[in-house]
Amino acid sequence: MAASGKLASFRLPPLPTVSELVKLYKLRAEKQLSQNFLLDLRLTDKIVRQAGNLKDAYVCEVGPGPGGLTRSILNAGAADLLVVEKDSRFIPGLKLLSEAAPGRLRIVHGDILTYRMDRGFPDNISKPWQEDPPNLHIIGNLPFNVSTPLMIKWLENIANRTGPFVYGRTRLTLTFQKEVAERLTASTGSKQRSRLSIMAQCLCTVHSCFTIPGRAFVPKPESASGVVYSYWSRKPGMLSHLKQTAVKKIPPSSLSY
């Protein structure tokens, strides 16, 4: 389970606040991209704490946007942070962070749905599936319209041990729309129990960490968000069966609003 405690002692040098960068670069959340900014570093720090100890860790952040969560990951002591951002408007602000943390932040301007994460990190961080997870984390405040295809892709990846799971049982700490988070973690007998619940829980151990109210985001979304921490289980017998069956049958509606 994710560890708690204070962040590592490393701190970025003085920088414009995330809110100031949003104004400086005239950034605006695009509704068609389901973008909602988290500007409160107390909240982004709290999300990062759910991932456990990130000191000297390798991290991939999905959709960093203006870089609030990025700052918290760097402040937690991550040694190598790879961010994958599709929207070119955010690249200048991320480059500013990269200059403030030399050698620790790499920026990929691309789509997380097509990015080859299996090529993003050195092979020597890999751990056999039967052992403890590698020192690799995926963290992200996911846009609602990305969480659906991304979760389906990662379920397929786990069945094939490809993508981010080529390194072993890679851990994830992600924000989802509250309804999706509830489905991922729903227990037997719950009204939220669905095919998604069953598939995710067959493959991994899933924890609901906390809920972020809609008012914490800019702009305020219609729904709150749930932070989910998961690590993939050691159930190799399930994988070959899932590879050809239920994983590929999960409809997008299983993750929809």
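The backbone N, Cα and C atoms fix where each Cβ goes, glycine too.
As recorded in TrEMBL:
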{"type": "BINDING", "residues": "Asn36, Leu38, Gly63, Glu85, Asp111, Asn141", "note": "S-adenosyl-L-methionine binding site"}
{"type": "DOMAIN", "residues": "43-236", "note": "domain 'Ribosomal RNA adenine methylase transferase N-terminal'"}
Residue, out of the binding-site residues Glu85, Asp111, whose Cβ gathers the largest set of other Cβ atoms within 10 Å: Glu85
Sparsest Cβ surroundings (other CB atoms within 10 Å) among the binding-site residues Asn36, Asn141: Asn36
Cβ neighbours of Leu38 (S-adenosyl-L-methionine binding site) where a neighbour is any other Cβ within 10 Å: 21
For S-adenosyl-L-methionine, whose listed binding residues are Asn36, Leu38, Gly63, Glu85, Asp111, Asn141, the greatest C-alpha pairwise distance in Å: 20
